[in-house]
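Chemist: One structure coming up, written as structure tokens, with questions to follow.
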């Protein structure tokens, strides 16, 4: 059985920065033997990859025909299933201004909301309106960096959904580009590693429904996120169950006839086709959805090794299980949901639309049972603490 680390350990010993090309291929050299073995055993499936790419697109066209592209419609009536609030401004088309952000906004350099490979996110306020926002300051070292950020702006201009962070303004200077966006509470990752935050299966259902709704919308717009992970899921506030997906810096426009390959991402969440430098598609995001589900339910990382090379080896082998004690009280529906996503052959994974129809996310009787179980456990906890 694959040895996994708790997320508390991950946060202290494992970097979540995306792989640089050199580091990526250095890791790949170490797992080449495993890769070759796996390719020999899956050759028949790989021959079908071209057809599978076309087949994966059928459901998206059908969804468009049915006119179900929604800005934030809900798919269930759970007690806590309240839609995430819309951004405090109308969706707008943004172009980077060649001007100073300080002309229109007060950026608080001391109030840092988060950070990553790109730089830092600071609290900011629009001077004319007092609107509270967030300023993502992205350092750009050359033309390629600027092109990447402008791609992120282009992607965000196309996305208008309550579960996706919204872009308000942008500014370009010689050494950076600043994106002014809607501001939210904190990372879902913070909740996972918080010992005082007891995520239940029902909580996880609420989170995953919203993630799938946001991803379904992106896929209907033919956009792949390609960097889904708990750090890129923001909770609206500390206590609410509403979330928004952020960071579209690695997102790509998906054109089925133009085979897309990528060699970036966060090791733990990479799909096998990314590790293999094979074609990616909608189902590449769905693999990451499976990993996130596994983490939220158990606090464990399904493929994490002692180093990046071992992690990639585990992913290529699709080596995971549900045998840890953390899954003892998890429903069979949840386990089946994960098993529909963590599949090496990408064409076999369920789509975001299909995920939302899966019993784990759509069965009201199951949700009622889990709610009763949650209330029962809360009652027992209250008695023991008195």
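Cβ atoms here come from the backbone N, Cα and C positions, even for glycine.
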Chemist: Would you identify which residue of 97, 132, 136 Swiss-Prot lists as part of the ATP site it also attributes to 113, 114, 115, 116, 117, 118, 119, 120, 121?
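Modeler: So, going by the record in Swiss-Prot, that would be 136.
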Chemist: Just to confirm what the record says: which one of 100, 288, 298 has phosphoserine annotated in Swiss-Prot?
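Modeler: Going through 100, 288, 298 one by one, Swiss-Prot flags 100 as phosphoserine.
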Chemist: Between the Cα atoms of residue 113 (ATP binding site) and residue 100 (phosphoserine), find the distance and write it as a whole number of Å.
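Modeler: Spelling it out, the Cα of residue 113 (ATP binding site) and the Cα of residue 100 (phosphoserine) are 21 Å apart.
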Chemist: Cβ neighbours within 10 Å, counted over all protein chains: which one of the binding-site residues 113, 121 has the most?
Modeler: 121
Chemist: For the ATP site made of 113, 114, 115, 116, 117, 118, 119, 120, 121, 136, how many Å separate the two farthest Cα atoms?
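Modeler: Comparing all Cα pairs, the maximum is 14 Å.
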Chemist: From the centroid of the CB atoms of 113, 114, 115, 116, 117, 118, 119, 120, 121, 136, the recorded ATP site, which same-chain residues not already listed sit within 8 A by their CB, in sequence order?
Modeler: 137, 138
Chemist: Expressed to the nearest Å, what is the distance separating residue 119 (ATP binding site) and residue 227 (active site, proton acceptor) at their Cα atoms?
Modeler: 16
